[in-house]
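S.K.: According to TrEMBL, the protein has these features:
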type     : residues : note
TRANSMEM : 12-31    : transmembrane segment
TRANSMEM : 51-71    : transmembrane segment
TRANSMEM : 124-146  : transmembrane segment
TRANSMEM : 158-180  : transmembrane segment
TRANSMEM : 192-219  : transmembrane segment
TRANSMEM : 239-256  : transmembrane segment
TRANSMEM : 277-302  : transmembrane segment
TRANSMEM : 339-361  : transmembrane segment
TRANSMEM : 382-402  : transmembrane segment
TRANSMEM : 414-433  : transmembrane segment
TRANSMEM : 440-458  : transmembrane segment
TRANSMEM : 537-557  : transmembrane segment
Amino acid sequence: MSSDPKLTVPDYVVATVILTIPVGVGIWYAIRDAKKATREEYLLGGRRMALLPVALSIFITFQSAVSQIGIPADVFFYGFIYVVSALGIALSFLLGYVTVVPLMYPLHITSLYEYLKLRYKSEAVRMVSTVVGMLATICYMAIALLSPGLALQASAGLPLWVTIAVFGAVCTVYTAIGGIKSVIWTDAFQTVVVFVGTLVIIIKACITVGGLGEAWHLAQAGGITDFRRFNPDPTIRHNLWALVIGHCFIWLVNGFNQSTLQRISSMKNLKDAKRAFLVMVPCILTYTTMFSLTGLVIFAYFSLQECDPYKGKLISNRNQLAPYFVLHAMQDLPGMTGLYISILCCGGLSTLSSGINALAANTVEDVMRQPLRSLSEGTITLLTKLFVLFYGGIIIGLAYLAKSLKGPITQMASSVFGACGSPILGIFLMGGAVPWANKYGALSGLLASLTFNLWITVGNRVHGVPIEPLPSIGTEGCSKWAGLDNSTDAVDIFLSNFTSSVLFNTVTANSSGIQQGAMGGTSPSEIFPMYKISYDWYSMFGTIVCVVVGLLVSYLTNRCCADVKGRPAIAFSTESRLIFPFLRRFWGIEEPGFAAYNVNIKTSKDDLPMGNF
């Protein structure tokens, strides 16, 4: 156990190599594809991308340092049961396999929100959804940039604004010059880094505590391996129902996401696009299990030390646990700290690069579509690259602002991403599943769900019930660690800022929801019931509100707009290609012919989802 956790030469070498490879990838594709100046090439990779890198890119896009630190802390303080959430997330990928991919891929659209224009025949629905989605993405990207920025600050000792600017600039540049190809291949590389690096940490920690079996025994003795939580009460955090059903909805939001659409549309055919979602199932099962095991072996390690770092006041917040463990307890293995920082940075890089690429796509395809119609393809592609640079600059500025505005402001900024996700999910599910849903229902459902989500999110943060951790280990052995938490300024800043600016209770897919409702001082019996709901259920309830309100308004407005025979004219105008393939027979809708899809794109009949699953 080192008394002075400083970074060594191997740490710098490991981190530098891993963090410079993405720039090389971007430069390579910028040079190789310099003469292919089209939006399809830049935003969709020419629709020729291979299966495995695309699958890994979709997967890692929605991972970040938040989950990589939050999951181990959640397991340590609240139990290994969190690993069950992997089943819910895997279920969301299987649902995406039969909904998102067969519906979206054959349409050959570049913007996710173009579907809403086609389905609801409303520019208003498209634009409102685009604005909501883009604002949520910008907010979350700023938060995602903070965590690797702080990691670089810890490694280099530079001011935070320098690390944010450098890291954001590197990510923005390789995304701007290389397009979606550089993003996808870099994501694939970063996925490998995350898995291999985490495996190394687990193996090293297991060796330290005497093996995985001994780690499990210590965790069992500490009471964190109990899976008997069957009570369906939505106010109970992390019961089996919430982890499976709730997290399924949280992650299904990511299926109807601009970044996801670009990746599935970049593939050669529908079969590969669907297989990509199947590949993500073992990825998420492995990812969640590995980071849950990380939390378990950390628990075992500190059990042997007879020291709970949080209760012993070695860390000021539970979310600091994993960085504290690696930076203080694994210094004897050269390069380990550099590898861990690289893992966190890879999570941030993948999220940020995908986000700014998606924002640029939405800008040229949705927001600026009409003004850009008269420009050449090459000019529009150049503008798309400039928009990547623009959004990269905006997010760099907001990331530093988020650091300055600590506490509830940053917590709410992240909550906006989750609050906006389920309304958008709701209108996509409603549009794909119910042919008589109309534009009035879509707008009403979206606004109702958005209002509902923001209401319960704010209410929970202000009045929610604090979550008590499981009984943990003692603090008898903490005295030998007492002088370590202030040993270097960089490490101290790294640990403290991860909590104040990054790891907060959020309803996004990447959060473990630690310390839900910690701000309220009201007694639990006096708190409004809706404010007690666990974050696990926010996405599901938000989606239900959107669909119920949307269908009710659609039904009422369809009756008002009925034709002379009493049939809802709006419903019968829905094209069959815009309904989920597996529901077309249920509604008595004929399968769309080959001509129903975009004939300007080279599409084979094998790419059309004529009920083939």
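Cβ coordinates come from backbone N, Cα and C, glycine included.
Bear in mind that TrEMBL entries carry predicted annotations, made automatically and left uncurated.
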S.K.: How about the transmembrane segment (440-458) and the transmembrane segment (277-302): do they have 3 or more C-beta pairs under 8 A, pairs 6 or more apart in sequence?
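M.R.: They are not in contact.
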S.K.: Out of 12-31, 124-146, 277-302, 339-361, 537-557, what stretch is closest in contact terms to the transmembrane segment (158-180), meaning most Cβ pairs under 8 angstroms?
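M.R.: Per the Cβ under 8 Å count, 12-31.
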S.K.: To the transmembrane segment (51-71), which of 12-31, 239-256, 277-302, 339-361 is linked by the most Cβ pairs under 8 Å?
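M.R.: Checked against 12-31, 239-256, 277-302, 339-361; highest Cβ contact count belongs to 339-361.
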S.K.: Ranking 192-219, 239-256, 277-302, 339-361, 537-557 by Cβ pairs under 8 Å to the transmembrane segment (124-146), which is first?
M.R.: 339-361
S.K.: Any chance you could find the range in 12-31, 239-256, 277-302, 339-361, 382-402 with the most Cβ pairs under 8 Å to the transmembrane segment (192-219)?
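M.R.: Against the transmembrane segment (192-219), the leading stretch is 277-302.
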S.K.: Take the transmembrane segment (239-256) and find every residue of the same chain, 6 or more past its ends, with a Cβ under 8 Å from one of its Cβ atoms.
M.R.: 61-62, 81-82, 84-85, 87-89, 91-93, 95-96, 99-100, 112, 227, 229-233, 418, 421-422, 424-425, 428, 507-509, 534, 536-540, 543
